[in-house]
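Engineer: According to Swiss-Prot, the record shows the following:
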BINDING   34, 74, 108  [4Fe-4S] cluster 1 binding site
BINDING   182, 186, 189  [4Fe-4S] cluster 2 binding site
DOMAIN    25-145  domain 'MTTase N-terminal'
DOMAIN    168-397  domain 'Radical SAM core'
DOMAIN    400-470  domain 'TRAM'
């Protein structure tokens, strides 16, 4: 794995450095799906770099000047499979121009559909799963030697992906997986099939990784798991997750900690207290509802009901009045009636989520819900549109409450030309809301990773604007 210093040296050396020599090949990873896939893509990149491959520059990506394309796939929704095959088809068009290009497909769809991928797309060089990322370099070598597609997908996890080298996409924000897999049996979900049963990492290993991230320059980490708050249940410690959160609060230099995704059934008061009492745990929570109908929740095998869900939200907000809580909602689950849908709308009105990821139900082969009677598409679309309209209204009303308030924003991402021309920087405030900040005239532009405290002057539909008038007493300050 290359260090930041080595990357900088390569960039400075140009054609005389490793990029000029191309190593074993120049690669690019295209990632579909969730945050866990983003985490895994960083591990795929780390494994490739450790084996002599070189990450592509932006110009090389734009020019298709590549020796290896890796697709890390998602299997959560039906259109994810369609996107995968569409992307593989686009990769083939690149291969027609660059015959020596290798194409590798990994992730959840590879775990699920390995043979079909190889049969449908004979131009694919290697297929690997979620549990054997470390095998990719060997599969690529075998493909080069034999000219035949290499398919290797294992069912048992040999080691946590987090134990593999990582080439992190961000210098200041890091993903840290605390577990893999899921022990729940939701009737709509394919994740237990593709990721397996839940396995937890040792708390000491997790904390060591976080400390290393901070030593490497990270100011923020996001703890990842399919059900983070059931962490430790397998060894009989139901307080393990809240202990982990509190331990994060003892790490010097770690400014912000987030986590995703918890399961409402296991969201207990000790976790709420840890969030409220640990200064660097952000008051941001993604809390999947899925449906507000108890009948549908039962059919989904979600082990909570709407009253319990709302009760937990009430306890969270009592402890953290500033908490921003987002959710997932599925519309059109098999058997959903208009009455069921209205119950979901009622819960959304009461919960007042900061935002919602709303999905039209899509059957996943092999899940119990796929065999149930489906609802006509036009009915589902109408319900979906009504739910989105309601949530958009709530989101706008919520963002409007930020106007006139001072927020601390961590500057993230690259500054584009538009931002430079308008003298703006972008980042997220503590509860995760996106904020665009106008830098006052005469002030230097903050660097990525700086913290800017500024007065919010306008609330948009999905973000905030801070154009502070310092002369009028509004706030603008920078902390490095």
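Numbering starts at 1 and runs along the chain as displayed.
A Cβ is built for glycine as well, from the same backbone N, Cα and C atoms used for every other residue.
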Engineer: Tell me which of the binding-site residues 34, 74, 108, 186, 189 sits in the most Cβ-dense spot, judged by other Cβ atoms within 10 Å.
Structural biologist: 108
Engineer: Is it possible to list how many residues within the domain 'TRAM' (400-470) are helical, extended or coil according to DSSP?
Structural biologist: 7 helix, 27 strand, 37 coil
Engineer: Using Cα coordinates, what distance in whole Å links residue 74 ([4Fe-4S] cluster 1 binding site) and residue 189 ([4Fe-4S] cluster 2 binding site)?
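Structural biologist: Residue 74 ([4Fe-4S] cluster 1 binding site) and residue 189 ([4Fe-4S] cluster 2 binding site) have their Cα atoms 12 Å apart.
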Engineer: Neighbours of the [4Fe-4S] cluster 1 site 34, 74, 108: Cβ within 8 Å of the Cβ centroid, same chain, sequence order.
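Structural biologist: Surrounding the site, in chain order, are 32, 33, 36, 37, 73, 75, 76, 80, 107, 109, 194.
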Engineer: Helix, strand, coil: count each for the residues of the domain 'MTTase N-terminal' (25-145), based on DSSP.
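Structural biologist: Breakdown, helix to coil: 67 helix, 25 strand, 29 coil.
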Engineer: Does residue 182 ([4Fe-4S] cluster 2 binding site) have same-chain partners at least 6 apart in sequence with Cβ under 8 Å from its own Cβ, and which are they?
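Structural biologist: Within the chain, residue 182 ([4Fe-4S] cluster 2 binding site) has Cβ neighbours under 8 Å at 189, 191, 192, 195, 197, 198, 226, 227.
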Engineer: Excluding 182, 186, 189, which residues of the same chain place their Cβ within 8 Å of the centroid of the Cβ atoms of the recorded [4Fe-4S] cluster 2 site?
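Structural biologist: Everything else in range on the chain: 184, 185, 188, 190, 191, 192, 226.
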Engineer: Given residue 186 ([4Fe-4S] cluster 2 binding site) and residue 108 ([4Fe-4S] cluster 1 binding site), what distance in Å do their CA atoms have, once rounded to a whole number?
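Structural biologist: Computed Cα spacing between residue 186 ([4Fe-4S] cluster 2 binding site) and residue 108 ([4Fe-4S] cluster 1 binding site) is 17 Å.
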Engineer: Find the average pLDDT over the domain 'MTTase N-terminal' (25-145) in the predicted model and report it.
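Structural biologist: Result for the domain 'MTTase N-terminal' (25-145): average pLDDT 94.
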